[in-house]
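S.K.: One structure coming up, written as structure tokens, with questions to follow.
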Amino acid sequence: MTTIRKNHPLFKAANSALIDLPAPASLSSLWNFGSLLGLCLISQIATGLFLAMHYAPETSSAFASVAHICRDVNYGWLIRNMHANGASFFFVCIYIHIGRGLYYGSYLYKETWNIGVVLLLLVMMTAFVGYVLPWGQMSFWGATVITNLLSAVPYIGESLVQWLWGGFAVDNATLTRFFAFHFLLPFVILALTLIHLIFLHETGSNNPLGLPSNSDKIPFHPYYTIKDIFGFLVLLFTLISLALFAPNLLGDPDNFTPANSMVTPAHIKPEWYFLFAYAILRSIPNKLGGVIALLCSILVLLVVPILHTSKHRSLTFRPVTQFLFWLLIADVLVLTWIGGMPVEAPYIITGQIASALYFSLFLILMPMASWVENKMLTW
């Protein structure tokens, strides 16, 4: 069996990635979230495939087809709830995964980090087009508002929006192409995930100390496979519990109303996992400025490796930057809260302060703190 595992052209690739892979001995549970993201992706593709078998991507029947799935298809309600709430769990895992990368300096593996940022953008795009498919009020108006941001692009903006819509408004052509994108993109994400892993296995994993661990490695199986399986069980138990006991907890009540272009909801907002970026978009009073800020809220992650000035890799031994890191986490939570609030005082000014702090932490405060800590090492 060992000979087949190590010599067979197919099995030896899996063996070197999942069984005999040398891994640092000190990885904490924060390193579980990469494999949990893989589980979320497989779960979303599986449930999405079954939903696509019964879904009708047509404006007159899309809303009814989702109701049909929940009422008439065997376990359709469970598949739909698993898929809708699975997206939320996907983003929880992504944000913790990125937070771990920022805290422990994993971004210094630049190729892996950059592919990860591209993956984040693709997952966000997939989730956005997926949210439009049930064709409820928030689906329709969310699609209208967010796609309309392209009109801020100078000179070609209006043409871009009409090209994306397939007409002069969000309508049947838009829904059909969004369904096509939502079906296709997860497979692109799957391919990029493999590239992400290939780059990771070129360098090996980072560890909580941020120190080279070449002298202290253990085989991935059985130590980390058991740890990952435990993580899988916790995630699946939590996801199934949410899907069974509170399936609509994270959704928007407006999406239970079929899309109506003549009635605008009182407060248009995206799903909770986009609210921090939505708050940054709204905090700029200029349309083009808001779109640029929205893009930069994600693309700022690409600048993090360039601005790393510390002599230490991880934040484990850097108390000043640690404080700023937790300030960033608090700031993102505040932005998430603001994104769900109406555009009125005191939320406007709070959102603007939180947005300014978000970019300041990444671009100014954290690099400055690293410089101060480097000086402190020489005292």
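Cβ coordinates come from backbone N, Cα and C, glycine included.
Pulled these features from Swiss-Prot for this protein:
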{"type": "BINDING", "residues": "HIS83, HIS182", "note": "heme b b562 binding site"}
{"type": "BINDING", "residues": "HIS97, HIS196", "note": "heme b b566 binding site"}
{"type": "BINDING", "residues": "HIS201", "note": "ubiquinone binding site"}
{"type": "TRANSMEM", "residues": "33-53", "note": "transmembrane segment"}
{"type": "TRANSMEM", "residues": "77-98", "note": "transmembrane segment"}
{"type": "TRANSMEM", "residues": "113-133", "note": "transmembrane segment"}
{"type": "TRANSMEM", "residues": "178-198", "note": "transmembrane segment"}
{"type": "TRANSMEM", "residues": "226-246", "note": "transmembrane segment"}
{"type": "TRANSMEM", "residues": "288-308", "note": "transmembrane segment"}
{"type": "TRANSMEM", "residues": "320-340", "note": "transmembrane segment"}
{"type": "TRANSMEM", "residues": "347-367", "note": "transmembrane segment"}
S.K.: In which DSSP state, out of helix, strand and coil, do we find HIS182 (heme b b562 binding site)?
M.R.: helix
S.K.: Counting Cβ pairs under 8 Å to the transmembrane segment (226-246), which of 33-53, 77-98, 178-198, 288-308, 347-367 comes out on top?
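M.R.: Between the candidates 33-53, 77-98, 178-198, 288-308, 347-367, the best contact partner of the transmembrane segment (226-246) is 77-98.
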S.K.: Would you confirm whether the transmembrane segment (288-308) and the transmembrane segment (33-53) meet the contact rule of 3 or more C-beta pairs below 8 angstroms, pairs 6 or more apart in sequence?
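M.R.: No, the transmembrane segment (288-308) and the transmembrane segment (33-53) are not in contact.
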S.K.: Give me the long-range Cβ neighbours of HIS182 (heme b b562 binding site): same chain, 6+ apart, Cβ under 8 Å, in sequence order.
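M.R.: The list for HIS182 (heme b b562 binding site) reads GLY48, THR126, VAL129, GLY130, LEU133, given in order along the sequence.
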S.K.: Given HIS83 (heme b b562 binding site) and HIS201 (ubiquinone binding site), what distance in Å do their CA atoms have, once rounded to a whole number?
M.R.: 30
S.K.: Hey, which of the binding-site residues HIS83, HIS97, HIS201 is the loneliest by Cβ count within 10 Å?
M.R.: HIS201
S.K.: State, in range form, which of 33-53, 77-98, 320-340 has the highest count of Cβ pairs under 8 Å to the transmembrane segment (178-198).
M.R.: 33-53
S.K.: Hey, how far is HIS97 (heme b b566 binding site) from HIS201 (ubiquinone binding site), Cα to Cα, in Å?
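M.R.: So the alpha carbons of HIS97 (heme b b566 binding site) and HIS201 (ubiquinone binding site) sit roughly 17 Å from each other.
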S.K.: What number of additional C-beta atoms lies within 10 angstroms of the C-beta atom of HIS196 (heme b b566 binding site)?
M.R.: 21
